[in-house]
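According to Swiss-Prot, the protein carries these features:
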BINDING   Asp29, Asp77  Mg(2+) 2 binding site
BINDING   Asp29, Gly30, Asp77  Mg(2+) 1 binding site
BINDING   Asp29, Gly30, Lys31, His32, Phe33, His34, Ser76, Asp77  GTP binding site
Amino acid sequence: MAKSRFEYVREYEVHDTLLPETYIVVRIDGKHFHEFSQHYSFEKPNDERALKLMNASAKNVVMAYSGDIILAFGESDEYSFILRKDSTLFRRRRDKLSTLFVSLFTAQYVALWPKFFPEQPLSHKRLPFFDSRCVCYPNTTVVKDYLCWRYVDTHINNLYNTVFWNLVLKCNLTPREAEQRLSGTLSSDKQEILFSECGVNYNNESEMFKKGSLINRKGEIMHIDVVKQIDELFAGF
């Protein structure tokens, strides 16, 4: 390949290679999705179509790199992709992995949008975009705990949001009043408020809302108790 006298500038490029023999987690997260969801009138506390769009986008990412991805887990506007310890995808370069996953996910999200929101075309003034990060976890124990953390976070956030929005939408509290009503409450308190004051049994809520979405390397989307099945999920990895 012909070279020019300007090619020396490549020497300033820095390629950060992630640690070998560690699990890589690439987590993508929606940016300004509060405003985005308001603009497209997402249902509160959960919009089933929006979550299924996230799942479909993530599934296509998993299938594109099923040889490297063990599992993916999603809640709300975020998704985590867990790569094998021995993955050599893009020679484990942090910049390549981070930009690849977030750009592929975003492309899938935009391409699949009409399937889930056929009556609401995306506006060029309000497009979805995400950030991403890569984190290395040294062993199976730690990466299992990472997945359990995201699963438990799903439950905590969803329970709060479910009660909060039912207090606002069904009980006519202001957002400030709902926030004060829930201040200092435990999980059991929130479920009791939801049932006694809003007439909603949390146990009857969608499993996808309560447990998030797990995608295996076959592309199967599951809504399961990750903590109870964590060892089974990582069998062989």
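Glycine residues also receive a Cβ, built from the backbone N, Cα and C atoms like all the rest.
Ser76 (GTP binding site) has a Cβ environment of 20 other Cβ atoms inside 10 Å. The most crowded of the binding-site residues listed here (Asp29, Asp77) is Asp77, judged by how many other CB atoms sit within 10 Å of its own CB. Residue pairs drawn from Asp29, Gly30, Lys31, His32, Phe33, His34, Ser76, Asp77, the listed GTP binders, are separated by up to 13 Å at the Cα level. Same-chain residues that are not part of Asp29, Gly30, Lys31, His32, Phe33, His34, Ser76, Asp77 yet have a Cβ within 8 Å of the Cβ center of the GTP site turn out to be Phe36, Ser37, Glu78, Phe130.
A strand conformation is recorded for Gly30 (Mg(2+) 1 binding site) in the three-state DSSP classification. In the structure as shown, the Cβ atom of Lys31 (GTP binding site) sits within 10 Å of 13 other Cβ atoms. Each of the binding-site residues His32, Phe33 was scored by the other Cβ atoms within 10 Å of its Cβ; the lowest score goes to His32. Counting only residues at least six positions away in the same chain, the Cβ atoms of Phe36, Ser76, Asp77, Glu78, Pro128, Phe129, Phe130 sit under 8 Å from the Cβ of Gly30 (Mg(2+) 1 binding site).
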